[in-house]
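Straight from Swiss-Prot, the features:
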type	residues	note
BINDING	Ser205, Ser206, Gly207, Thr208, Thr209, Lys213, Gln344, Gly345, Thr349, Asp430, Arg445, Lys536	ATP binding site
BINDING	Arg271, Lys453, Gly454	CoA binding site
REGION	273-344	region 'SBD1'
REGION	345-409	region 'SBD2'
Amino acid sequence: MAYPERSLIVDPRSGFCKSNSTFYSKRQPLSLPPNLSRDVTTFISSQPHRGKTAFIDAATGQCLTFSDLWRAVDRVADCLYHEVGIRRGDVVLILSPNSIFIPVVCLSVMSLGAVFTTANTLNTSGEISKQIADSNPTLVFTTRQLAPKLPVAISVVLTDDEVYQELTSAIRVVGILSEMVKKEPSGQRVRDRVNQDDTAMMLYSSGTTGPSKGVISSHRNLTAHVARFISDNLKRDDIFICTVPMFHTYGLLTFAMGTVALGSTVVILRRFQLHDMMDAVEKHRATALALAPPVLVAMINDADLIKAKYDLSSLKTVRCGGAPLSKEVTEGFLEKYPTVDILQGYALTESNGGGAFTNSAEESRRYGTAGTLTSDVEARIVDPNTGRFMGINQTGELWLKGPSISKGYFKNQEATNETINLEGWLKTGDLCYIDEDGFLFVVDRLKELIKYKGYQVPPAELEALLITHPDILDAAVIPFPDKEAGQYPMAYVVRKHESNLSEKQVIDFISKQVAPYKKIRKVSFINSIPKTASGKTLRKDLIKLATSKL
């Protein structure tokens, strides 16, 4: 265990220091590069390993060796700089299903000092347009199928091999990725100098009020994540199956950066299908899966069929994040798959992988825990009402601090000030406690995001749409528990007098305006929405009302 000040007295068991009410990580400290002009792509490429195959496309079998990967990164970066004109600080959007070339694009863009951002492929054209208006990308990497969702006249590089003529003339295609990968570099190596404090990545994190916000992550933030990833007890010869979306922080940090530095092989599924995943495990003798909790539940429910059809003897580890696993789910999985270890973790988009995780099956059997603090992370538990710092086994809002914590929100200083204080503490919005052994437990969400199958759904966005309906006076959206999805959006609606508005009409009204994962799936009508004196919706009262009928 390492501490920032020698004078601190820290309990070696819990990691807690009474003098400053701070919990410290019990893991080994990170070794970060002192060179302030070393970008994260260079840091990743400099890591020694003996890995040969970096990525495999599960659908086609196409492979990228590590030599192929770094050759492609160099060539794409050269094309972007000399032919497209991408420069330091420019924003490049990736709108694409999972692909073995997403890591190539991310690493190329960051090597130039440019910033990559992503969008959910399920989002509507309206939702994507709002994000584009905020981030103002210079260029978009996308597929022929997804290109029509983009605003007209935006520059596009196609990530598939479809011909130009199949696209509407309003879309300005400036390149095809497969051609960029084949093109020999120009030999002109002059590029903009990159500083570690420069922004490298901007992922959009949904908020409970107003529009989603672009989370700004620097080269230093991502370097800290990669350094932590390779320092964890991971086997370099692991073969991972990537089922999580690579437009999300989990997929990007793990499979576009972490495993590349580690030298592991990753088999990428373009989209998740349970039996496609199992087929990939058997075919490629995969040893590790990274999953969201609903997939774990599906594996339990279909265990007999899965084990009868597929050889999963190579599978050793399942890594699960997004929500704490219950004792019932953990025990149910271990009963069905006794030779597979479950490892859990906790992090936020704003923490870039910093948070907590379990690194052994024994730790994961401490039911409900997200693990112990990751390397170089400090934590505080704060009373959300008084602001008082709490101690061991006391519940309050979790604050995190460390080298991977985001710089803040893009063009939103107010939100940045509310979330990250002047000392660099990230207020997570999650109600947690840390026990006498330093294990973090997530009790509840102070933040009101609904997590549907790993996707974040902001209630305020759906409420804003609901009240535009001519027959709706007021509305509130809450998370409704579901065994398969984790949660789904449920609406409480106040109808106008004499209105005969039905549940189906409300559901249909919303479904036409949002991505599939944001759809409202249950509606209840109510006389009034319970609110505080200041007008804030009392969601907990509505959640209690909804779940009391279960």
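Backbone N, Cα and C atoms are what each Cβ position is placed from, and that goes for glycine too.
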CoA site span - longest C-alpha distance across Arg271, Lys453, Gly454, in Å: 14
Cα-Cα distance linking Thr349 (ATP binding site) and Gly454 (CoA binding site), given in Å to the nearest integer: 13
Cβ packing number for Gly454 (CoA binding site), 10 Å threshold: 22
Tertiary neighbours of Lys453 (CoA binding site) (same chain, Cβ under 8 Å, six or more apart): Ala292, Pro294, Ala485, Gly486, Tyr517
Counts by DSSP class (helix H/G/I, strand E/B, coil) across the region 'SBD2' (345-409): 7 helix, 25 strand, 33 coil
DSSP-derived structure type at Gly454 (CoA binding site), helix or strand or else coil: coil
Additional residues around CoA, ordered along the sequence, whose Cβ is within 8 Å of the centroid of Arg271, Lys453, Gly454: Val244, Pro245, Phe272, Ala292, Pro294, Val295, Tyr455, Tyr517
Arg271 (CoA binding site) versus Thr349 (ATP binding site) - Cα distance in angstrom: 21
Distance [Cα-Cα, Å, rounded] between Gln344 (ATP binding site) and Arg271 (CoA binding site): 22
